[in-house]
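In what follows, a structure is listed as structure tokens, so that the remarks can point back to it.
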Amino acid sequence: MLKNPATKYRPFPAIALADRTWPNKTITRAPIWMSTDLRDGNQALFEPMNAERKMRMFKMLVQIGFKEIEAAFPAASQTDFDFVRELIEGGHIPDGVAIEVLTQAREDLIRRTMESLRGAKRAIIHVYNATAPVFRRTVFNTDREGVKRIAVQSAKLIREIAQTMPETQWTYQYSPEVFSGTELDFALEVCNAVTEVWEPTPEHKIIFNLPATVEMATPNIYADQIEWMHRNLARRDSIILSVHPHNDRGTAVAAAELAVMAGADRVEGCLFGNGERTGNVDIVTLALNLYSQGVDPELDFSHINDVARTCEDCTQLPVHPRHPYVGDLVFTAFSGSHQDAIKKGFAVQKPDAPWEMPYLPIDPADVGRTYDSIIRVNSQSGKGGIAYLLESGYGVAMPRRLQVEFSSTVQKLTDASGREATGADIWALFQQTYLRSDGAIGYVSHRLTERDDGSQHIRLVVNIDDHEHICEGSGNGPLDALVHALSHVLTAPVSIHHYEERALGQGANADAIAFAELAATGVAGSVFGVGVDANLTTASIRAVVGGVNRLIARTGQGMLRRSSAQATVA
């Protein structure tokens, strides 16, 4: 790179539009959408689509809701010409949908292109020629008058041919190619000259498409250009003002949105931003940006994964995993703080309330995505994401301190493996950590009775070193009685710091899950035990026994009183 890029590159000049109005505008309705996937998108592929893939793409575009679809560049190849004929003769174009075809401003190409449309009910004939100074000098070696003459002559020829094909409802479209690099006064001069030839009316409008064939400046500059044309075009009420942004600077979506605010009625683009070089503007992102603001985009992306897979199959181009709204990772949070915020957001979000969710601009369900992949766990994740995966996938709603405890266990797993931990991985680790049955003390059975004084008495059968033993104890409640019973086989007193219980899932037949936080005298910290059983009391006993086993493991079996465990204790 140059130390001083100013010696090679010049900044794009600002537009003199001191009273611009677009910054104060809001988009309140969708523009007219025109898909150029089958033309601009197709010509930019390593391997252009064959007829079968083009037809598959066309039918999907119709299903999504596009009313204008640029089908081909018929004069460019026999394949494109034949595809247009198949659309017409095969009856594939629904009522209310117009196909568009593109031609350069040359007589032979215009005649060939118009012939491809013979018999169509509705058609848009789109002619273009480059108007920018660099093209006038370098490519065509002509002046302004020469460029305008080409546009006017082409417009006249198109009108003459169209009048010989009255069975078709025609819409004429003209593009000053490289509009973004053309002097505004000259772009206006050429467009107004074409208007004089085509003589549009408010009932029969023409389209002027103003492309950022190459994106040359910031989106506000393009918006200024569009607003200037919007104000100054002759017969503006008889013109559909269209934009065709490319993404060379990475801001095509912003450019299109600001252009609509500046007066554009129509947007041309491709699904997922396919197209020459860095691509056309992405209509999916534009449409769903509108949707996220409560504006009906008039395109249906309810099954966005299906749209993405079809595009990938037809174009042989992958959709990036972080592509807005559709990428595999766009509704995914790995960060611990993000996961915690999303988990809390889902807890308070009501089905009929406005969507207010941390880190998720739209509800994934609206585009056919599930919540399964929203929270994924790697070495950067925190307790919130882990808790969400266990609760959403397995019904385990952990107490907060258990979330903290278990997250460190998961962290060790992801640090060691260096990979993402799936919900299944986390559930398996949870079972291995809290629900294993091979602890020092194995629960066998119990009998709980209430004494005359209101206290509870438990007769607990446990397995220690492959021998069954009976431990008995009394207390103010079942858990207090259980702790007293277990004290006979432990060298240190155990206390229950926290206890929670809830259903594991929904319905009358759901198992119970219990969580007990235990501490022992002389043992640093506390640990959790978890118990699952169809019977709530049994689940609570399993939780306490599980926690005791984890304390015993922490002390290297030092807490287990084996000498007393060789016989029945009471």
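We number each residue from 1, going along the chain as drawn.
Note that Cβ sites are derived from N, Cα and C of the backbone, with glycine treated the same way.
Secondary structure from DSSP puts H244 (Mg(2+) binding site) in a beta strand. For H244 (Mg(2+) binding site), the same-chain residues that are 6 or more apart in sequence and have a Cβ closer than 8 Å to its Cβ are T36, S175, N209, L210, P211, A212, T213, V267, E268, G269, N280, V281. The annotation Mg(2+) binding site is assigned in Swiss-Prot to D40, H244, H246, N280 on the grounds of sequence analysis.
The average pLDDT computed over the domain 'Pyruvate carboxyltransferase' (31-305) stands at 97. Look at Swiss-Prot and you will find 31-305 tagged as domain 'Pyruvate carboxyltransferase'.
Residues or ranges marked as region 'Regulatory domain' by Swiss-Prot: 437-570.
Excluding D40, H244, H246, N280 themselves, the residues of that chain whose CB lies within 8 A of the CB mean position for the Mg(2+) site are, in sequence, T36, P211, A212, T213, P245, A252, E268, G269, C270, G275, E276, G279, V281. One residue stands out among the binding-site residues H246, N280 for having the most other Cβ atoms within 10 Å of its Cβ: N280.
Of all Cβ atoms in the shown protein chains, 23 besides its own fall within 10 Å of the Cβ of D40 (Mg(2+) binding site).
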